[in-house]
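Some features that TrEMBL has for this protein:
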BINDING   Cys75, Cys79, His158  Cu cation binding site
DISULFID  Cys75-Cys79  disulfide bond
DOMAIN    37-195  domain 'Thioredoxin'
Amino acid sequence: MSSLNKKIILAFLFIFMLGSFGFYIIDKATKSRINNIGIIGKVPSFSLTNFDGTVVTEKQLNDKISIVSFIFTQCEGACPIMSENMSTLQERFVSSGDIQFLSITTDPDYDTLDILNEYSSSYSNKNNWFFLRGDILDVIELSEKGFFLSAALLPAGHSTRLVLVDKELNIRKYYEGTVESNIFELQSDIVTLLNQG
């Protein structure tokens with residue numbers, strides 16, 4: 001075997017080993033990132049009504065990665081930004097059947113099903129995004145005791161955080177819904193959970 005052939009074979013072996021090592025490092029980093037997205041709590045049972053009149057319960061969160069927000073349609077501050085950011089995420093993951101979005105109104109007295117339907121048309125293709133309402137006391141309890149988010153002086157005193165929930169109804173992480181860097185982080189964490197299976 002000539003010296004040139006040996007060099008070529010060694011070069012191919014080196015490239016193969018380098019690629020294998022790179023894959024190993026990426027795999028370890030992904031698994032480490034998955035482990036770093038801790039479990040904060042479990043989504044409790046709830047029953048709310050979607051803009052189309054269907055009842056949505058915690059069972060709809062099974063086997064899906066869910067992004068949850070608390071908003072109200074007359075909000076002129078954080079809510080439009082939060083909804084726009086969720087809309088961007090919906091577009092980015094449009095081909096995934098494993099992701100859904102839930103926006104829960106903190107002003108159910110004003111936000112009727114018709115108003116929620118109209119509001120949803122501004123942000124959502126409606127395929128995998130629920131716009132939900134329920135009794136205000138149920139919404140407060142779900143926010144504070146279910147998702148561990150503040151719900152003082154509603155409707156305006158709602159939290160501006162988005163909540164990442166995994167396929168087993170575990171609350172995994174919070175993200176400031178009006179901060180672009182947090183939305184990029186959320187997008188990355190969604191990919192991590194999708195890769196987890």
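Cβ atoms here come from the backbone N, Cα and C positions, even for glycine.
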So of Cys75, Cys79, which of the binding-site residues has the fewest other Cβ atoms within 10 Å around its own Cβ?
Cys75
In the predicted model, what is the mean pLDDT computed over the domain 'Thioredoxin' (37-195)?
91
Can you tell me whether DSSP puts Cys75 (Cu cation binding site) in helix, strand or coil?
coil
Are there any residues at least 6 positions away along the chain from His158 (Cu cation binding site) with a Cβ closer than 8 Å to its Cβ? List them or say none.
Phe70, Ile71, Phe72, Thr106, Ser143, Leu149, Ser150, Ala151
